[in-house]
Amino acid sequence: MEYRTNNVPVGNETKSAALNALPKIKISDSPNRHHNLVDAFMQSPSYSTQPKSAVEPLGLSFSPGYISPSSQSPHHGPVRSPSSRKPLPASPSRTRDHSLRVPVSGHSYSADEKPRERRKVIGNYVLGKTIGAGSMGKVKVAHHLKTGEQFAIKIVTRLHPDITKAKAAASAEATKAAQSEKNKEIRTVREAALSTLLRHPYICEARDVYITNSHYYMVFEFVDGGQMLDYIISHGKLKEKQARKFVRQIGSALSYLHQNSVVHRDLKIENILISKTGDIKIIDFGLSNLYRRQSRLRTFCGSLYFAAPELLNAQPYIGPEVDVWSFGIVLYVLVCGKVPFDDQNMSALHAKIKKGTVEYPSYLSSDCKGLLSRMLVTDPLKRATLEEVLNHPWMIRNYEGPPASFAPERSPITLPLDPEIIREMNGFDFGPPEKIVRELTKVISSEAYQSLAKTGFYSGPNSADKKKSFFEFRIRHAAHDIENPILPSLSMNTDIYDAFHPLISIYYLVSERRVYEKGGNWNRIAKTPVSSVPSSPVQPTSYNRTLPPMPEVVAYKGDEESPRVSRNTSLARRKPLPDTESHSPSPSATSSIKKNPSSIFRRFSSRRKQNKSSTSTLQISAPLETSQSPPTPRTKPSHKPPVSYKNKLVTQSAIGRSTSVREGRYAGISSQMDSLNMDSTGPSASNMANAPPSVRNNRVLNPRGASLGHGRMSTSTTNRQKQILNETMGNPVDKNSTSPSKSTDKLDPIKPVFLKGLFSVSTTSTKSTESIQRDLIRVMGMLDIEYKEIKGGYACLYKPQGIRTPTKSTSVHTRRKPSYGSNSTTDSYGSVPDTVPLDDNGESPASNLAFEIYIVKVPILSLRGVSFHRISGNSWQYKTLASRILNELKL
């Protein structure tokens, strides 16, 4: 359901009737906690002082800072009141908006009624092209209306309680589906709450969160370097020196998360992006949760290739040890170019992971092998802690010490607690503010906390205590295992600033965010106790920063029955979006990569091995729209220019489990291309694929013109905003642009690439653009890749005949069906039965790969390069296919 602007005035009678129609259920008394998310939010103190708009059939409310529907702009959706907030500065490095807003949602158009505009505006953000689609939702590129800055907006569909009730009453199968959707929404709320609190140089930063009656909109910073996966595609493997830089940054981010009682639980190559500066950014906290050292988490989730053995064995876990295993898999992939455990048969793959036997290539250094052998240990009690990993000799080689966690300086929390901070500690299932105060006071008053607070013990990342030898950590770890064979060493609380308690961690994070918003230095914000009540009243903000509260339950339970794990090879809990479809492979289609079916990080051919790689490779390309366009009275342009190359943003993995997309099925390529919203008047991709080579070779790329943003921009604010809108929404800005259906002898201008270390030898060439283009068309035809011409390259669709054949196993621990109806399974801080089937990253044989290939120009060197961008589909099939294309291109 697309977001549309509501321009219809609403009377008081309509408001009253609609509001009275909402169910009024107290959170503590409701057996169905999910149904109270919207009601509880509307009844919150910060919301009740504002007028309420009419509630549409799916429920509707709007928060402070947004004017009434009758006075909204007809083209720009919800408009912020001029007096509600200070203008956003041009550079967002200092101030950002962390509040969760509920802007006015659009009304549903009748069959005869058509919208005036296709522009979609959420707050101050103009939504543009879809650059990633998955089972969780989609990611769109967006521009800020005032500053023109680019952002990534993650859009997650939500369900209304009435719809959920209707499904639950239909059948037992529908009840399971409804329960799955409830759990999904609660995880989304938790992700939104976490994303707005975390602030680390190697974690993708969230700027805003909006909710409507049908969607969550999470606004993230724009990461313009592409996926780490594309880095691996170009290089095959990295030198240890180069891998060490990335690994230290990943370790720094994990250290920050773990110190704040957060476990990621879905760390993998697809969830690591690379910025233009060459630094990594970790994304996707959809499966993250808070952990407590004395409790156990019982949600078995993640991606199979990166999942720890205890998850496959359905064993409760604390949290950080799961991230350490995934961290080890990521390190292995970086230095070896493939995963350590792989098999075509699903049961055999499970057995390999549980056994944990790893083969190390001979070219790895002894230190690197030693580190991997400590991380990839099947027994979590014997596995290295993150502290040990960060102090390993391989990790600190050529550096002064272990990577810093960038955790700010903190002081012990003292009573009384700040009520403003307490009110913002929502979204984590802590309960109402009264309960949070009661529980937090109990923790602060405990003997353990007071004892550590008095001693002033602090083992910060830069302190002398942390700079000890690797062998000291090994000895201490082993001794503790002997003394406490049941609990690993990370279960001891020896630092009140290092994951002492989830309530403590979130209190710190909220306090630090508040200081940061006021202009403080976030790395030095806690020199005074953070809990003292301010002497002067806090100035009220003009927006609602209250997240929808999580359901009220008794938390901190860790002895419940473990949930089952799905036998499905994807996250079946995610319902496919209505605008995300796929089609079965054609019987005539042949898979040219079937020879290497399960190779997900295969080494490249011997020809590529002989080539020397340059420093690094990043992937950039124009985004591809995946949502179906609503009917519009306007005539569609003959083509849609992609946004600027700077718009290359959070990849498809940013919107959920990157390879767990359960898509529908199509009849053919035309439907697929329509669903990807690639409008063109030229011949269809299927026709071109079947056309004679002479015809295909005559197809040329479209002129890019001014749509890429490389031309001179007008100094007028009006013209500037108009250009931003045209660029974002794909409207043509150059009337003289050549139609895609035209074939000319002159090649179109090629997108220049300025990212550091973008390409390797295997992805660049001194060949002319025409030659590379002809080779691309030849290779795509040879590999049965259906393609359609877009600006600067091709939008491609590959229908594999079978990459992986999942087989059922009789093993007790083999991916059992999740028990959606059970209420006895919970994480220590997840009241939801947070049962998430493990994603094995192996889509069904009928799953399709949607991706883009661009011909780009490498500046200064007068070289041409090929850039890939995955839209949807299995990451590892994509990696194998991209490697095959590069091999056949013979650049």
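Each residue, glycine too, has its Cβ placed from N, Cα and C.
Residues annotated as active site, proton acceptor in Swiss-Prot, with sequence analysis given as evidence: Asp266. Neighbour count (other Cβ atoms within 10 Å of the Cβ, all protein chains): 28 for Asp266 (active site, proton acceptor).
The ATP binding site annotation in Swiss-Prot covers Ile131, Gly132, Ala133, Gly134, Ser135, Met136, Gly137, Lys138, Val139, Lys154. Ile131 (ATP binding site) falls within a strand when secondary structure is assigned with DSSP.
The compositional bias 'Low complexity' annotation in Swiss-Prot covers 529-538 (among others).
What Swiss-Prot lists as compositional bias 'Low complexity' is 583-603 (among others).
As annotated by Swiss-Prot, compositional bias 'Polar residues' applies to 612-629 (among others).
Taken from Swiss-Prot, the feature compositional bias 'Polar residues' applies to 649-659 (among others).
Annotation comment: Swiss-Prot describes 669-699 (among others) as compositional bias 'Polar residues'.
Feature annotation from Swiss-Prot assigns compositional bias 'Polar residues' to 728-742 (among others).
If you look up Swiss-Prot, you'll see 820-829 (among others) marked as compositional bias 'Polar residues'.
Summarising the annotation, Swiss-Prot assigns domain 'Protein kinase' to 125-395.
According to Swiss-Prot, the feature domain 'KA1' maps to 842-891, an assignment based on sequence analysis.
Residues annotated as phosphothreonine in Swiss-Prot, with experimental evidence given as evidence: Thr528.
Swiss-Prot lists Ser535 (among others) with the feature phosphoserine, giving experimental evidence as the kind of evidence.
Positions annotated as phosphoserine by Swiss-Prot: Ser536 (among others).
Sequence annotations record features per position, and here Swiss-Prot assigns region 'Disordered' to 65-116 (among others).
The annotation region 'Disordered' is assigned in Swiss-Prot to 528-699 (among others).
Across the residues annotated as binding ATP (Ile131, Gly132, Ala133, Gly134, Ser135, Met136, Gly137, Lys138, Val139, Lys154), the widest Cα-Cα separation comes to 14 Å. For Ser135 (ATP binding site), the number of other Cβ atoms no farther than 10 Å from its own Cβ, over all displayed protein chains, is 25. Recorded residues Asp266 (active site, proton acceptor) and Ala133 (ATP binding site) have their alpha carbons 18 Å apart, per Cα-Cα distance.
The secondary structure of Asp266 (active site, proton acceptor), as reduced to three states from DSSP, is coil rather than helix or strand. Here the domain 'Protein kinase' (125-395) returns a mean pLDDT of 90 for the predicted model.
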